[in-house]
Amino acid sequence: MTAQILDGKKAAAEVKSELVERIAALVARGITPGLATVLVGDDAPSQSYVRMKHQDANALGLASFERHLPAETSQDELDAVIDELNANPGVHGILVQIPLPKHLDEQAVLERIDPDKDADGLHPVNLGRLVLNVNGVITSPLPCTPVGAIQLMLRNGIELAGKHVVVVGRGITVGRALGLLLTRREINATVTLTHTGTVDLAAHLRQADVVISAVGVAHMIKAENLKPGVVVLDVGVSRERDEVTGKSKLLGDVAPDVADVASWISPNPGGVGPMTRALLMSNVVQAAEAVSSR
């Protein structure tokens, strides 16, 4: 068996195409959706991620607000930047690029963002709304990467209702939110949330219809621990030095041999990543629409 590819770039292009008409309607009413990013320090991967997000925003005609602060920025200085963006009516979505330098309190920073401008969907208020709402429509921002992973499957005709999904990774950004989204009645999957401390992880993986891994441990998901026909999404990112070139290269959680047993597999990069960025744009547009309806 050779797995079919879950093409994140193609699915992301579909999401962006669906946003074009909504953005045009907002602009016609005098509202241009605006994305603001805050980057602290000079971490090269973070700079790349922020650059790609603004490229997406510019391609769609969104307004861009970039705040690049030095690594020694204090908590008070960072808070002041977030307060300024919260108060700016042209900004509809704010994203603080993480990780932050160790002297800064990431959780306090995320909580300081106006929940209505929470482009990443990670504010405690918005996560709380997700916890409390199992049945109804959710109008608050949703976490981009988990929604992107689910949309990537649904847009490829993968049925999730009644399926056993094993999520590897308990982080707020992906793992915990995935469980909340997948168990909503509109999806109706059964979820096992595992992590690097799970005893006999392989036993859980062998029972899975779908595996979504987001722990950042290179190639920890191996073919020998999966049943034939499983759907596998690789969300984890780790870095390894290439012994030949001396350069750092990106590796996912999923080993190459998994493609021989899976029915579908997401590449990394090129799988969930593009969907994360597309859903970020969607959250910004949704926030602008909420403002326009007031």
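Here the Cβ of each residue, glycine as well, is placed from N, Cα and C on the backbone.
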Which residue of THR183, THR190, THR192, THR196 does Swiss-Prot report at the same NADP(+) site as GLY169, ARG170, GLY171, VAL237? THR196
Which residues of the same chain, at least 6 positions away in sequence, have a Cβ lying under 8 Å from the Cβ of THR196 (NADP(+) binding site)? VAL215, VAL217
Within 10 angstroms of the C-beta of VAL237 (NADP(+) binding site), the count of other C-beta atoms across all shown chains comes to 17
What is the number of other Cβ atoms found within 10 Å of the Cβ of ARG170 (NADP(+) binding site)? 17
List, in sequence order, the same-chain residues at least six positions removed whose CB sits under 8 Å from that of GLY169 (NADP(+) binding site)? GLY175, THR194, HIS195, SER213, ALA214, VAL215, GLY216, VAL235, GLY236
What is the Cβ neighbour count of GLY171 (NADP(+) binding site) at a 10 Å cut-off, with all protein chains included? 15
